Amino acid sequence: MKIHLNGEPHNAEAGTTLEGLLMGLGFAPEKVAVERNKAVVSRGTYGAVVLQEDDQIEVVHFIGGGQHPPADSWSVAGLTFNSRLLVGTGKYKDFEETKIAIEASGAEIVTVAVRRVNVSNPNAPMLTDYIDPKKYTYLPNTAGCFTAEDAVRTLRLAREAGGWDLVKLEVLSDEKYLWPNNPETLKAAEILVQEGFKVMVYTTDDPHMCKRFEDLGCVAVMPLAAPIGSGLGVRNPYTTRIIVEQAKVPVLVDAGVGTASDAAIAMELGCDGVLMNTAIAGAKDPILMAHAMKHAVLAGRQAYLAGRIQKKLYATASSPLDGTFF
């Protein structure tokens with residue numbers, strides 16, 4: 001038997017009811033409205049209405065008005081992500097808290113350090129038992145490395161362990177300030193790029209250095225906002241803005257974020273994303289802070305896209321003065 005369903009020819013078995021048609025299509029009868037031959041059919045009678053040859057059936061439901069906004073995704077090394085918040089996996093009280101916080105943050109990329117296994121307890125829990133590498137993009141880093149040699153060794157092992165080519169390179173100058181050692185970082189970056197690694201590089205908020213790393217072949221530059229773990233926020237928005245304007249690769253603020261407003265400021269400057277660890281893991285309530293950071297990054301990004309008003313010395317009335325009665 002042939003009927004017309006939403007303007008298109010449709011075959012139905014003889015004796016099929018409206019309810020049977022809807023269920024066969026996968027629609028819950030209580031979520032739609034049906035018109036048969038231009039007459040609305042009462043929902044309570046769907047099971048009793050038997051379809052006839054050439055019936056004209058319209059099935060409708062509610063949708064939101066307007067168009068869905070386009071996804072504001074970003075890409076690095078050929079991979080596309082929706083979340084612009086990247087998070088670390090250290091400093092949490094246990095792996096369970098790590099898992100819950102990452103889920104709350106909405107992050108898709110998580111940084112992981114490479115460390116020796118516990119040979120005395122091979123059954124000890126590992127991060128991969130809680131954070132699924134198939135669900136999240138692991139970003140191996142070189143945290144704790146102070147020489148180019150150590151950084152390169154670390155990432156070679158990371159690639160062997162998980163097959164990861166996308167990596168975060170950081171080479172530090174000292175243990176007190178954890179400031180980037182740019183000469184050693186450059187040396188390591190050159191080797192890693194030649195070996196096929198896709199390097200996201202942690203560096204100072206220096207436009208010249210960021211440009212050098214980009215020219216070397218790094219797929220993203222990650223200037224610090226402030227020293228690692230300091231929570232001081234974006235200390236030099238001027239140079240961060242210059243880095244964003246000149247870069248042809250993603251720019252992500254890395255290190256120094258302390259609270260949600262810091263993340264929002266970084267995004268308002270036009271950064272493609274923000275990476276943080278201590279700001280979430282070190283909070284009194286890491287799970288709640290993870291939620292806050294998720295919304296802060298989104299708010300900052302939307303504010304950047306919307307375009308802030310110009311800063312001015314004098315006031316401008318928001319209500320028109322024309323038509324006042326005094």
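Quick reminder: no glycine exception, Cβ is built from N, Cα and C everywhere.
Quick look at what Swiss-Prot annotates:
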type: ACT_SITE; residues: Lys168; note: active site, schiff-base intermediate with DXP
type: BINDING; residues: Gly229, Ala255, Gly256, Asn277, Thr278; note: 1-deoxy-D-xylulose 5-phosphate binding site
### Query
What other residues of the same chain, not counting Gly229, Ala255, Gly256, Asn277, Thr278, have a CB atom within 8 A of the CB centroid of the 1-deoxy-D-xylulose 5-phosphate site?
Pro227, Ile228, Ser230, Gly231, Val257, Met276, Ala279
### Task
May I ask for the distance between Asn277 (1-deoxy-D-xylulose 5-phosphate binding site) and the residue listed as 'active site, schiff-base intermediate with DXP', taken between their Cα atoms and rounded to an integer number of Å?
14
### Message
Sequence gap of 6 or more, Cβ distance under 8 Å: name the residues on the same chain that satisfy this around Thr278 (1-deoxy-D-xylulose 5-phosphate binding site), in order along the sequence.
### Response
Gly88, Lys91, Ile228, Gly229, Gly231
### Task
Give the distance between the Cα atoms of Gly256 (1-deoxy-D-xylulose 5-phosphate binding site) and the residue listed as 'active site, schiff-base intermediate with DXP', rounded to the nearest whole Å.
17
### Task
Write down the Cα-Cα distance for Lys168 (active site, schiff-base intermediate with DXP) and Ala255 (1-deoxy-D-xylulose 5-phosphate binding site), rounded and given in Å.
13
### Message
Highest Cβ count within 10 Å among the binding-site residues Gly229, Gly256: which residue is it?
### Response
Gly256
### Neighbourhood of the residue listed as 'active site, schiff-base intermediate with DXP', C-beta criterion under 8 angstroms, separation at least six
Thr111, Leu139, Pro140, Asn141, Thr142, Val199, Met200, Val201, Tyr202, Met222
### Task
Determine the minimum-neighbour residue: among Ala255, Asn277, listed as binding-site residues, which Cβ has the fewest other Cβ atoms within 10 angstroms?
Asn277
